[in-house]
Amino acid sequence: MARRPGAPAAYREEFSFVSPLVKYLLFFFNMLFWVISMVMVAVGVYARLMKHAAALACLAVDPAILLIVVGILMFLLTFCGCIGSLRENICLLQTFSLCLTIVFLLQLAAGVLGFIFSDKARGKVSEIINNAIVHYRDDLDLQNLIDFGQKKFSCCGGNSYKDWSQNMYFNCSDDNPSRERCSVPYSCCLPTPNQAVINTMCGQGMQALKYSEASNVIYTNGCIDKLVNWIHSNLFLLGGVALGLAIPQLVGILLSQILVNQIKDQIKLQLYNQQHRADPWY
């Protein structure tokens, strides 16, 4: 049958605008992070169940709860990406792309605001550290985190080693019955070469000493200044980490938008073929 003059050439029935490469690349991309999200949720639930019932989450939020929440959100997001790409569902793909764009913009805004309002960010960090010091003995995970930080940055307390007096066990008041009265955690102590056994009592009574005397046994500088200095000297590293987090998000947004456009073109082609299939001049 002759084609109507001026009508566009028809594509063959088996032709598709949807690229299998884009489709399955997006599917496996989301599948990878889907599995990661399930692992995050499992680890978070396990960590939460292993905590003592009375343990306190003394940071801004319990790391185990944070892991569970982030894992669930990632699970739902990647679910939309997986099913949307596999079923070529525009609604799910657009939801995935929109959510991923929002997450990326929030991360970007947080980084910019943190840089602009660095003084306020420092004050917030100081508040978190002081709160963690107060609850040092209440949560084993928190205790291990603080000990790791003090060893890593060679510091003690928030602004100085005397900040440990905020903790009820290390408080220097005369009515404190604790054996750790006026002490600091062992992680504040200067490392001893060739030490086979860790002396957990090395910080005994250090808060009662002057800086010059205490500095011979423990770190006297606070962790806030050490942390700020570390950030300033590792900006390229932090920038690389931020870029590493941003690239997968941008790749996901790009692939989903490409696939959405391809699906729309395929729908237009199907509608065109249906409308002109009965045309005697087609």
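Heads up, the Cβ atoms here are built off N, Cα and C, so glycines get one too.
Positions annotated as transmembrane segment by TrEMBL: 21-47 (among others).
Among the features that TrEMBL reports, transmembrane segment is placed at 53-79 (among others).
TrEMBL lists 91-117 (among others) with the feature transmembrane segment.
Residues or ranges marked as disulfide bond by TrEMBL: C155-C188 (among others). Sequence-distant contacts of C188 (disulfide bond), defined by Cβ-Cβ distance under 8 angstroms and a gap of at least six in the same chain, are Q150, C155, C156, G157, Y161, W164, G203, M206, I218, Y219.
Of all Cβ atoms in the shown protein chains, 14 besides its own fall within 10 Å of the Cβ of C172 (disulfide bond). If you look up TrEMBL, you'll see C156-C172 (among others) marked as disulfide bond.
Positions annotated as transmembrane segment by TrEMBL: 235-260 (among others). Counting residues 6+ beyond its ends, the transmembrane segment (235-260) has Cβ neighbours under 8 Å at 18-19, 22-23, 25-26, 29-30, 33, 81, 84-85, 88, 90, 93-94, 96-97, 100-101, 103-104, 107, 111 in the same chain.
Residues 63-68, 70-72, 74-75, 78-79, 81-82, 85-86, 88, 96, 141, 248, 251-252, 255-256, 258-259, 262 of the same chain lie 6 or more positions beyond the ends of the transmembrane segment (21-47) yet place their CB under 8 Å from a CB of it.
Long-range Cβ contacts of the transmembrane segment (91-117) within its own chain (Cβ-Cβ under 8 Å, at least 6 residues beyond either end) map to 30, 77-78, 80-81, 83-85, 242, 245-246, 249-250, 252-253, 256-257, 259-260, 263.
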